[in-house]
């Protein structure tokens with residue numbers, strides 16, 4: 001039976017560390033950290049995600065600023081909202097909830113966010129910082145995956161890692177983080193020929209394919225660590241990931257569950273980016289390695 005890569009347990013630990021830091025530094029800063037989440041439209045999944053983020057903020061003492069715009073909001077008005085949040089001195093982190101409604105191009109809107117307040121780590125400047133190994137906000141889901149690997153004693157150094165998916169949200173930054181940790185990395189995608197031939201070579205397999213239960217036992221090398229980034233609602237009810245967990249858990253050495261794996265750590269890394277930005281703005285003593293073990 002595979003080791004369970006439990007994101008909930010790790011998320012609680014990191015949240016406790018963040019809460020302790022906030023309580024210690026609150027008087028010196030004069031205000032709590034602030035996270036603004038901008039949601040456009042009425043996508044039900046996005047509404048759930050935003051509610052979860054607001055609850056996480058409340059648990060650790062981060063002020064939450066929510067903006068919800070109608071789905072037919074023109075791009076200029078969304079841009080004005082971002083600029084207002086950029087100028088708000090009580091906001092340390094800004095998240096533009098994706099996906100956006102049709103007609104809104106996420107690229108220019110993400111670029112409009114102040115890079116120092118980019119809580120999701122998706123601004124071009126911060127992706128460049130990641131590429132160069134410089135400090136800055138990190139993409140939340142890949143950063144959460146790296147924390148899960150570390151906390152379970154899985155060192156990517158010298159290992160073969162395969163990332164399925166090449167999105168700027170997960171796949172590309174995930175590959176960069178694994179490479180920075182001295183793994184030999186392959187990115188696979190929808191046009192990859194003979195996918196299983198690549199994935200069966202992986203010591204670490206990160207699946208962000210966006211396809212329900214796409215990866216099965218035939219794709220997994222015995223003893224591999226498998227991280228399932230996907231989350232989907234089944235027609236008959238319940239949730240599943242991109243991995244057929246019942247097949248893979250008997251082969252893999254480690255497997256992240258869905259739900260309860262990557263999802264909680266994605267939210268927690270959003271809080272980490274926000275709190276670290278708050279510390280930097282107020283010159284507060286902090287150590288990222290102490291916050292995320």
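Each Cβ is built from the backbone N, Cα and C atoms, and glycine gets one as well.
Look at residue 165 (NADP(+) binding site): DSSP puts it in coil. Counting only residues at least six positions away in the same chain, the Cβ atoms of 171, 174, 187, 188, 189, 206, 207, 208, 209, 210, 229 sit under 8 Å from the Cβ of residue 165 (NADP(+) binding site). The NADP(+) binding site feature in Swiss-Prot is assigned to 165, 166, 167, 190, 231; the stated evidence is sequence analysis.
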Within the chain of residue 231 (NADP(+) binding site), which residues six or more apart in sequence place their C-beta under 8 angstroms from its C-beta?
239, 240, 241, 258, 259, 263
Within 10 Å of the Cβ of residue 190 (NADP(+) binding site), how many other Cβ atoms are there?
11
